[in-house]
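S.K.: Sharing a structure here in structure tokens format.
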Amino acid sequence: MGAAVFFGCTFVAFGPAFSLFLITVAGDPLRVIILVAGAFFWLVSLLLASVVWFILVHVTDRSDARLQYGLLIFGAAVSVLLQEVFRFAYYKLLKKADEGLASLSEDGRSPISIRQMAYVSGLSFGIISGVFSVINILADALGPGVVGIHGDSPYYFLTSAFLTAAIILLHTFWGVVFFDACERRRYWALGLVVGSHLLTSGLTFLNPWYEASLLPIYAVTVSMGLWAFITAGGSLRSIQRSLSCRRQEDSRVMVYSALRIPPED
């Protein structure tokens, strides 16, 4: 039973992200590099947030449960803000790298666009965030079947898996919207990204009232997904084209007469 719960929750949590990785990232070495580098940036933000929380816990009264709970909420907010700061730092780094790649190419264009970088970096933030948020829970799932014996919810593992899947998708959407907002200097969009991230993090403190946390988080996920889709240039026509497996016709015209070999004398 433990193994079934483990594999089931793992597929729920990381199935969408793994599919996105295989289809859109794994075949391009440059995207893989961006994915790994983005995970490193997220890890640094987590390290700094952990240091801040660790110091605050040890300089305050550890016997005060209410104070420690407040510090936990404060630490989560600091972690969110640091993640967004490092997302911006990663955007700046990728922007410089994009300019360098464009200068080295023969046609003066970068082999990867900013939108593609935004998508891959967001996916990297989401995957590493999901791994750190659910890995201990999945490890416990392999243990003895004690879920719910002490009054805990029997849906703890399953809801944690669905929450992790939502967080991974949200980071992907946040990355697309965040990079586009930086490109167009839309500060209100940056504020909405940070605000929705803080809201999502705050909603997790409502657990184990999963109806009050999971449903709003998925509502935010759907909203951010639509926003990211429109930001990336999506439309109803593009959806219809993808469903019908049609490719956009190339508007360029090749003059074949210019490619003919001149006749020999």
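Just so it is clear, glycine is given a Cβ too, placed from its N, Cα and C backbone atoms.
Computed from a predicted structure; not experimentally measured.
Feature annotation from Swiss-Prot assigns transmembrane segment to 3-23, 32-52, 69-89, 119-139, 159-179, 187-207, 214-234; the stated evidence is similarity to another entry. For 24-31, 90-118, 180-186, 235-265, the entry in Swiss-Prot reads topological domain 'Cytoplasmic'. Under the heading topological domain 'Lumenal', Swiss-Prot lists 53-68, 140-158, 208-213.
Show me how these features fit into the structure around them.
M.R.: Through the fold, the transmembrane segment (3-23) approaches residues 35, 123, 126-127, 130, 134, 137-138, 141-142, 157-158, 160-162, 164-165, 168-169, 172 of its own chain, all at least 6 residues removed from its boundaries and within a Cβ separation under 8 Å.
Within the chain carrying the topological domain 'Cytoplasmic' (24-31), a Cβ under 8 angstroms from the stretch's Cβ atoms is held by residues 111-112, 116, 119-120, 123, all 6 or more beyond its ends.
Within the chain, the transmembrane segment (32-52) has long-range Cβ neighbours (under 8 A, six or more residues past its boundaries) at 21, 25-26, 75, 78-79, 82-83, 85-87, 89-90, 93-94, 112, 117, 120-125, 127-129, 132.
Regional average pLDDT for the topological domain 'Lumenal' (53-68) in the model is 88.
Tertiary proximity for the transmembrane segment (69-89) is limited to same-chain residues at least six positions away from its ends with a CB under 8 Å from its CB atoms, namely 41-42, 44-46, 48-49, 52-53, 56-57, 60, 121, 125, 129, 174-175, 178, 182, 193-194, 197-198, 201-202, 204-205.
Mapped onto DSSP classes, the topological domain 'Lumenal' (208-213) shows 4 helix, 0 strand, 2 coil.
Long-range contacts of the transmembrane segment (214-234) within the same chain: residues 115, 119, 159, 162-163, 166, 169-170, 172-174, 176-177, 180, 196, 199-200, 203-204, each at least 6 residues beyond the stretch ends and with a Cβ under 8 Å from a Cβ of the stretch.
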S.K.: Can you name the far-off residues of the same chain, 6+ from the ends of the topological domain 'Lumenal' (208-213), with a Cβ under 8 Å from a Cβ of it?
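M.R.: 152-153, 155-156, 159, 163.
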S.K.: With a Cβ cut-off under 8 Å, give me the same-chain residues at least six positions beyond the ends of the topological domain 'Cytoplasmic' (180-186) that come close to it.
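M.R.: For the topological domain 'Cytoplasmic' (180-186), the sequence-distant neighbours (Cβ-Cβ under 8 Å, at least 6 residues beyond its ends) are 88, 91, 114-115, 118, 193, 231-232.
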